[in-house]
Amino acid sequence: MLFQRVSKGVVTIASGSWTKVTCKCCFTDAVRPLLVIELNKDVQLETKEWIISKIEAPANKQGAQLLAHPGEDDDGDMILVAAPSCTLLRNAEALGLSKAYRDGTMLAFSYPDRANFKNADNVEELLTLAEQQYISKKELDDLKAGTNESIPGCSKDKGSLYPGELIFQKLEKSGIVKTMYPLHDKEKLSAFSKQWYSQFNFGVQPLDYIHSYFGGTVAFYFSFLGFYTLSLLLPAVLGAVLYFLPWNSLNGQVLLAIFNVVWSTVVLELWKRRSAELAYGWGTLLLNSTFEEPRPNYRGTMGHNPVTRRWEPYFPSAERKKRIWFVSTPVVCAFLWLTVMGMVAYFYLEWCAKDYYSREPSWLAMPLLYLPSVLHILYVDFMNHVYKTVAHMLTEWENHRVESDFQKHYTLKVLVFSFINCFAVLFYIAFYKQDLELLRKRLASLLIVSQIINQVTEALVPYLQERFLPSQGTKQREADPHIDKLRAQGCQPEYPGLFAEYIELFVQFGYLSLFSCVYPLTAALLFLNNVTEIRTDALKICKLFRKPFVAPAANIGIWQTAFEALGFVSVISNCWLILISPQVTGYCQENGVSFRYALLCTIALEHVLIILKVVIAFVIPDLPKWVRIKVAQLEFRSRQALKTVA
């Protein structure tokens with residue numbers, strides 16, 4: 001039998017069923033597989049056996065020192081992978097993960113000193129499921145070919161390996177490995193998932209469970225989403241008061257503009273403190289930086305890496321810069337031009353609609369007044385989707401060596417385009433046409449229509465697809481009740497990641513911080529959207545997509561900088577909106593105040609607000625006092641340990 005037992009959704013395999021036990025002291029009677037490798041159905045048996053041997057081999061023989069099981073059949077297309085405790089613990093030290101010491105403090109894990117850490121004898125308690133799966137995947141990704149090594153059972157072109165080549169990158173490029181995915185633990189998932197996405201517990205998310213099961217990057221996203229949503233309550237209440245109660249419109253607009261600037265700064269500074277608290281509790285505050293290996297799609301002429309002395313592809317940085325400046329940049333500019341043309345078409349259609357309605361006023365013609373806005377919102381959403389695909393292709397073609405550089409250039413491209421695509425019309429209305437009433441209507445349309453589109457595309461469509469259009473794996477399970485449940489998980493679509501989710505929050509934050517002083521209900525609408533967004537995003541990752549591999553994380557990364565940059569732009573936007581308000585322009589005309597003088601006063605206010613932002617950021621420490629003390633204690637103990645070793 002392949003499976004020894006299935007208890008509450010947890011599949012284990014008898015340790016004697018694994019083809020080899022790398023470290024016998026690490027195992028009990030049953031071993032739980034952490035991930036599945038699916039092979040091409042045409043793969044030869046000798047190729048599969050070679051892959052298993054590389055997975056099981058110890059580090060001194062250039063192996064991954066993991067456990068491998070051939071699946072249902074020795075010549076089948078599946079390999080199950082588990083990890084011995086020693087491999088997991090050594091990698092936990094290499095990553096710089098902090099774990100609870102015997103005195104209760106969080107300390108960077110040390111394999112030689114493992115006996116003094118809590119639960120060190122039980123890796124299931126010491127390391128989260130997400131950490132175990134990430135470490136196992138990392139070990140496979142780091143597998144390198146030795147000298148005069150090739151993949152057996154393959155042609156020379158397909159199976160040749162140069163010394164130091166990453167084996168699993170080669171296997172994926174050659175089509176030998178179809179996919180690799182971590183396995184669900186149904187018992188752990190059901191312990192928190194239903195409460196998370198089914199019940200309405202405002203502001204309450206099982207963050208520790210999310211971190212343990214899905215990993216740091218996912219946990220930080222949902223933590224930030226919940227924190228940001230909760231912080232919307234104050235501007236939502238203030239905006240509703242200013243919108244529905246009698247109030248001097250200029251005073252209300254000035255109050256809301258200044259409030260937006262202060263609010264955005266305070267929220268982002270408080271989030272830094274909150275993320276530091278979470279990172280300390282999750283043991284990721286002081287993660288080690290690791291040397292990055294080349295990306296799977298990195299191409300170039302073969303040569304010796306001057307750092308590692310390994311034989312690997314080399315691509316000149318000068319050639320990459322040429323591709324960026326002479327191809328990628330013009331293509332990005334072309335898409336920005338299409339965005340501007342879409343904006344021009346929107347204003348032309350709006351003029352046509354108003355002209356027609358003025359000549360043929362009727363209730364049947366009234367919807368035409370809103371048609372240009374709806375069409376342009378759909379156009380903006382379409383351009384966002386198309387551009388993301390093009391930006392990914394361009395960044396891939398630029399041929400960045402490591403994943404961090406790839407993500408940095410891709411994120412920059414999408415952020416620049418998203419900023420122009422989503423905010424260009426609003427800036428045009430505010431800065432050029434100076435029509436606050438039109439700006440108010442346009443912002444309301446964007447908030448309502450775009451959020452409906454997001455809810456339909458992100459939640460309803462995947463849910464209906466899962467409910468009424470089952471995947472091939474689901475159909476097989478219905479036809480054959482004995483089908484391998486592990487294989488069925490691989491039939492689910494791959495999780496698309498969190499990039500689109502962060503872009504959505506970035507655009508939301510822009511609407512609120514840049515323009516909400518002219519439409520006070522902005523925060524309230526965003527709050528209502530995000531309350532459901534938390535649940536729909538949770539449903540997607542728990543039910544509708546394959547479980548992702550997620551690396552440990554200490555914060556939300558580059559997105560913190562992106563939100564802070566919007567905060568500074570919001571100072572300029574809000575000050576300008578005050579300057580062009582009818583009350584200010586009317587006051588200037590009645591009292592003979594020149595526009596130049598009013599502009600100078602606005603610039604002075606802008607400088608005051610920027611100084612206020614800087615002062616607030618300086619006054620609020622990035623780390624809470626107790627976290628600073630814990631970090632100082634950790635660094636002191638690390639220095640003492642080094643002295644002892646010396």
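Backbone N, Cα and C atoms are what each Cβ position is placed from, and that goes for glycine too.
Annotated features, as they stand in TrEMBL:
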type	residues	note
DOMAIN	210-633	domain 'Anoctamin transmembrane'
TRANSMEM	218-244	transmembrane segment
TRANSMEM	250-271	transmembrane segment
TRANSMEM	324-349	transmembrane segment
TRANSMEM	361-380	transmembrane segment
TRANSMEM	410-431	transmembrane segment
TRANSMEM	505-528	transmembrane segment
TRANSMEM	549-580	transmembrane segment
TRANSMEM	595-620	transmembrane segment
- How about the transmembrane segment (324-349) and the transmembrane segment (250-271): do they have 3 or more C-beta pairs under 8 A, pairs 6 or more apart in sequence? no
- Task: For the transmembrane segment (505-528) and the transmembrane segment (595-620), decide whether they are in contact, meaning at least 3 CB pairs lie under 8 A, counting pairs 6 or more apart in sequence.
- Result: no
- Thinking of Cβ pairs under 8 Å, which stretch from 218-244, 250-271, 410-431, 595-620 has the most of them with the transmembrane segment (549-580)? 250-271
- Are there residues at least 6 beyond the ends of the transmembrane segment (250-271) whose Cβ is under 8 Å from a Cβ of it, and what are they? 224, 227-228, 231, 234-235, 238-239, 242, 509, 512-513, 516-518, 520, 560, 563-564, 566-567, 570-571, 574-575, 577-578, 581, 583-584, 609, 612-613, 616-617, 620, 622
